[in-house]
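Below is one structure; the comments refer to it alone.
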Amino acid sequence: KAMALSLTFLLISSLVIFSLTSHAFSASLSPYFYYKVCPKALPTIKRVVQDAVQQERRMGASILRLHFHDCFVNGCDASILLDQTTTIDSEKTAFANNNSARGFEVIDKIKSEVDKVCGRSIVSCADILTVAARDSVVALGGPSWQVQLGRRDSTTASRTQANNDIPSPFMDLSSLINNFKNQGLNEKDLVALSGGHTLGFAQCFTFRNRIYNETNSIDSKFAKQRQSSCPRTGGDSNLAPLDQTPSFFDTKYFINLVAKKGLLHSDQELFSGGRTDNLVNTYSTNPWIFSKDFANSMIKMGNIKPLTGNQGQIRVNCRKLN
């Protein structure tokens with residue numbers, strides 16, 4: 001009886017501790033942040049995203065990528081949306097974003113529509129970007145998840161930090177693991193979030209070296225196929241799909257890695273005889289597990305260093321400071 005009581009006490013203690021730590025972790029962010037102040041905010045974001053994706057399905061991948069590139073530079077604070085000024089060192093011209101980051105006009109449209117239904121500027125650009133990324137994935141057949149809300153917008157940006165912190169398509173596995181670890185993300189997060197490459201396209205210059213020089217880790221027919229639209233010189237911005245179904249959220253990205261058909265060097269590194277091979281294998285055969293892990297990792301990424309309370313500001317125009 002004493003043992004049963006002590007076990008019950010241990011269980012209750014564990015639950016209380018878990019509850020306290022969970023509360024501490026999300027004390028400043030809540031999925032219900034706008035429920036009372038502007039209940040129409042989230043449905044409005046969803047509507048504009050759905051319209052944008054309907055007009056151009058590639059836009060879903062672009063918005064997801066914007067959110068990713070925002071969060072990896074000093075947290076999810078909409079710093080990526082700021083234009084260059086005498087005091088703002090815009091991240092838009094960083095190596096990973098220059099002439100490739102897109103979807104800014106969609107975010108502007110969302111902000112305008114949301115402010116209209118809310119009657120004032122109450123929803124941050126950082127929250128808009130986070131919710132829009134989720135809605136983009138859903139619009140392309142992917143999973144949904146409950147987004148934590150209450151982020152505020154940064155008053156600074158850093159091109160240098162963007163160049164240092166956004167993972168490169170040329171990274172090897174250990175560099176990728178370290179890069180994600182620096183953001184508080186583990187190997188499972190790395191593989192699951194890389195699965196976002198089930199959507200969208202890449203420019204020729206990001207995979208040229210792989211299709212011409214990486215003979216051991218690439219399927220030769222696949223390399224030849226990609227060479228047809230990505231010459232050895234020129235055509236740097238020619239696009240190729242990251243998998244065969246770039247407008248649908250599925251597991252073909254992982255199936256490709258197993259078959260040595262990853263488009264980017266960094267993609268194929270996830271299945272190259274290293275520590276992440278088993279996870280790639282699992283995701284390639286089990287869409288449910290991939291979707292679940294992807295959603296969990298997106299929540300985790302969305303919670304990187306948010307500005308809350310009196311920090312930052314709620315920008316009226318996502319491109320510039322108030």
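Each Cβ is built from the backbone N, Cα and C atoms, and glycine gets one as well.
No curator has checked TrEMBL annotations; they are predicted automatically.
Feature annotations, courtesy of TrEMBL:
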SIGNAL    1-26  signal peptide
DOMAIN    28-322  domain 'Plant heme peroxidase family profile'
DISULFID  C38-C118  disulfide bond
SITE      R65  site 'Transition state stabilizer'
ACT_SITE  H69  active site, proton acceptor
BINDING   D70, V73, G75, D77, S79, E91  Ca(2+) 1 binding site
DISULFID  C71-C76  disulfide bond
DISULFID  C125-C318  disulfide bond
BINDING   P167  substrate binding site
BINDING   H197  heme b binding site
BINDING   T198, D243, T245, D250  Ca(2+) 2 binding site
DISULFID  C204-C230  disulfide bond
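Feature annotations (TrEMBL) mapped to structure.
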residue : record                       : CB count, 10 Å
H69     : active site, proton acceptor : 22
V73     : Ca(2+) 1 binding site        : 27
G75     : Ca(2+) 1 binding site        : 20
C76     : disulfide bond               : 29
E91     : Ca(2+) 1 binding site        : 28
C125    : disulfide bond               : 31
P167    : substrate binding site       : 20
C230    : disulfide bond               : 24
T245    : Ca(2+) 2 binding site        : 16
D250    : Ca(2+) 2 binding site        : 19
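Long-range Cβ proximity for D70 (Ca(2+) 1 binding site), meaning a same-chain Cβ under 8 A and a gap of 6 or more residues, is found for C76, D77, A78, S79, I80, L81, A126, L129. Of all the binding-site residues listed here (D77, D243), the one with the fewest other CB atoms within 10 A of its own CB is D243. Contacts of C38 (disulfide bond) defined by a Cβ separation under 8 A and a same-chain sequence distance of 6+ are given as V114, V117, C118, G119, I122, V123, in order along the sequence. In this view, S79 (Ca(2+) 1 binding site) is surrounded by 28 other Cβ atoms within 10 Å of its Cβ, with every protein chain counted. A distance of 9 Å separates the Cα atom of R65 (site 'Transition state stabilizer') from that of the residue listed as 'heme b binding site'. Same-chain neighbours of the Ca(2+) 1 site beyond D70, V73, G75, D77, S79, E91, judged by a C-beta within 8 angstroms of the site's C-beta center, are, in sequence order, H69, C71, F72, N74, C76, A78, I80, S154, A157, A162.
Neighbour counts of Cβ atoms within 10 Å were compared for the disulfide-bonded residues C71, C204, C318, and the top value is held by C71. Taking Cβ-Cβ distances under 8 Å and a sequence separation of 6 or more, the neighbours of H197 (heme b binding site) in its chain are L242, D243, Y253, L263, L264, D267.
Within 8 Å of the centroid of the Cβ atoms of T198, D243, T245, D250, where the record puts Ca(2+) 2, the same chain has further Cβ atoms from L199, L242, Q244, P246, F248, F249, T251, K252, Y253. Within 10 Å of the Cβ of C118 (disulfide bond) there are 17 other Cβ atoms, across all protein chains. Taking the C-alpha atom of C230 (disulfide bond) as reference, the shortest distance to any of the recorded positions H69, P167, T245 belongs to T245.
When the binding-site residues G75, T198, T245, D250 are compared by Cα distance to C318 (disulfide bond), the shortest distance belongs to G75. Among the recorded positions listed (C71, G75, T245, D250), C71 has its Cα nearest to the Cα of P167 (substrate binding site). C125 (disulfide bond) is 15 Å away from V73 (Ca(2+) 1 binding site) when you measure Cα to Cα.
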